[in-house]
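S.K.: First the structure, then my questions, so here it is.
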Amino acid sequence: MATEGGSGFSIHPMDQFIVKPLFGDGPVQWYTPTNVTLWMGIAILCIFGLFVLATRHRGIIPTRLQSVAEVFYGFIHNMVEEVAGHEGVKYFPHVMTLFLFILLSNLLGLLPMSFTTTSHIAVTAVLAVLVFLGVTLIGIARKGLGFFAMFWVSSAPLALRPVLAVIEVISYMMRPVSHSIRLAGNLMAGHAVLKVFAGFASMAVVAPVAIGAATAIYALELLVAVVQAYVFTILTCVYLKDAVGDAHH
Amino acid sequence: MATETHGVNWHAECLYDAGGAKGMPQLCTDWMPNQVFWLLVALVVLFLILSRVALPRIGAVLAERKGTITNDLAAAEELKLRAQEAEKAYNEALATARTEAAKIIAAAKAEIRKDLDEATAKADVEIAARVAQSEASIAEIRAGAEEAIAVVAKDTAKELVAHLGGAADARAITTAINARLKG
């Protein structure tokens with residue numbers, strides 16, 4: 001980075017999250033192609049390669065890559081069917097889109113010099129709001145006002161129900177917040193820590209420890225990348241169940 | 001980038017003039033429209049790729065495979081049933097053949113027994129005849145032998161008497177010898 005002076009030791013763990021224009025040095029307008037564009041594009045190309053190019057033979061006996069694509073398909077399809085119910089399968093392509101986008105963004109972000117699009121709250125917030133709005137609209141479209149019955153806990157004593165309804169509404173409204181911050185926070189923290197350890201690796205005294213720690217954190221981050229994509233997706237399915245399943249609260 | 005001169009810092013809210021991040025870049029509102037715009041573009045593109053091409057294709061492949069496997073299993077089941085039928089028919093044929101063989105063996109045994117009995121009876125009759133004949137011969141021989149003994153005894157007695165100097169009375173000697181032989 002430009003701030004690296006002659007002192008030789010400077011750690012800038014947050015610089016990796018800066019959004020930069022791909023071409024030139026102008027301002028970042030809403031339409032400017034930036035590193036966000038680049039890494040989202042790479043993620044889409046990877047998914048295209050795995051799910052379109054690798055499956056082009058439509059083999060009854062699959063090739064290796066085709067069976068990988070089939071494993072993802074089966075995994076998410078089962079998750080939607082088991083968690084959201086049979087009615088939720090209609091939204092399988094939407095859930096699959098979310099899962100693959102987050103998974104690939106997370107994993108590509110672990111490449112050195114790359115940019116992690118899902119470490120930005122602006123990105124995960126849009127994803128979470130899309131899920132929130134989608135689930136709410138689907139619920140209202142399918143059940144009408146009956147959708148709001150999920151806030152009215154009919155199994156609780158009558159006196160408690162208004163209080164519980166308030167709590168339920170608040171918790172429902174907080175869903176997109178926790179949903180998005182969980183993902184962005186996990187990735188941002190992991191990448192920042194990784195960068196800090198990498199920075200310490202330039203000091204000869206602590207370099208062995210720092211490199212060892214960075215390696216360990218990297219392994220952990222690989223796990224986090226997959227687990228957070230999984231968590232985001234399964235929560236989406238859980239929310240979807242409220243909209244399409246039988247409301248039993 | 002160290003040699004690059006930053007004529008204008010377009011995002012002074014978020015970046016130092018030298019280019020480093022101020023605080024968390026995640027909270028820089030200048031960049032958010034850009035991120036949101038490209039995210040929506042990416043999601044739409046990805047959704048179209050997946051829902052129009054990739055997922056129907058994989059779903060079709062999986063369904064086809066499942067169908068093939070089901071058909072193969074059904075065919076295998078049918079073949080197994082046919083094999084069982086064939087085995088049953090074979091076992092039946094085997095049992096019939098065994099019964100038949102047992103019958104044939106019993107018939108053959110009965111025939112042999114009959115032949116054997118006949119032969120034995122014939123042999124017995126023959127043996128009885130031979131025995132009777134032999135007994136007759138023996139009786140004849142014995143009678144002959146007694147007569148010969150009497151003749152020899154008379155002759156010997158006559159000779160003895162003659163040698164002792166007496167005149168043998170033939171009739172007396174015969175009577176004496178007959179009495180001795182009977183005694």
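The backbone N, Cα and C atoms fix where each Cβ goes, and this holds for glycine too.
Curation does not apply to TrEMBL; its annotations are automatic.
Not measured: the values here are computed from a predicted model.
According to TrEMBL:
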TRANSMEM  A:36-54  transmembrane segment
TRANSMEM  A:91-109  transmembrane segment
TRANSMEM  A:121-141  transmembrane segment
TRANSMEM  A:147-171  transmembrane segment
TRANSMEM  A:192-211  transmembrane segment
TRANSMEM  A:217-240  transmembrane segment
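What's the neighbourhood like for each of these?
M.R.: If you look at the transmembrane segment (A:36-54), the same-chain residues 6 or more away from its ends with a CB under 8 A from one of its CBs are 19, 22, 63, 65-66, 68-69, 72, 100-101, 104-105, 108-109, 114-117, 120, 123.
The list of residues near the transmembrane segment (A:121-141) in space but at least 6 beyond its ends in sequence, with Cβ under 8 angstroms from a Cβ of it, reads 36, 91, 94, 98, 101-102, 147, 175-177, 179-181, 183-184, 232, 236, 239-240, 242-244.
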S.K.: Which residues, given as numbers and ranges, are at least 6 beyond the ends of the transmembrane segment (A:91-109) yet have a Cβ under 8 Å from it?
M.R.: 39-40, 42-43, 46-47, 51, 72-73, 76-77, 79-80, 84, 115-119, 127, 131, 134, 138, 183, 187, 191, 222, 224-226, 228-230, 232-233, 236-237, 240, 244
S.K.: Below 8 angstroms Cβ to Cβ, which residues of this chain, lying six or more residues outside the transmembrane segment (A:217-240), approach it?
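M.R.: Distant Cβ neighbours of the transmembrane segment (A:217-240) are 76, 79-80, 83-84, 88, 91, 95, 98-99, 102-103, 106-107, 109-110, 127, 131-132, 135, 138, 175, 179, 182-183, 186-187, 190-191, 193-194, 197.
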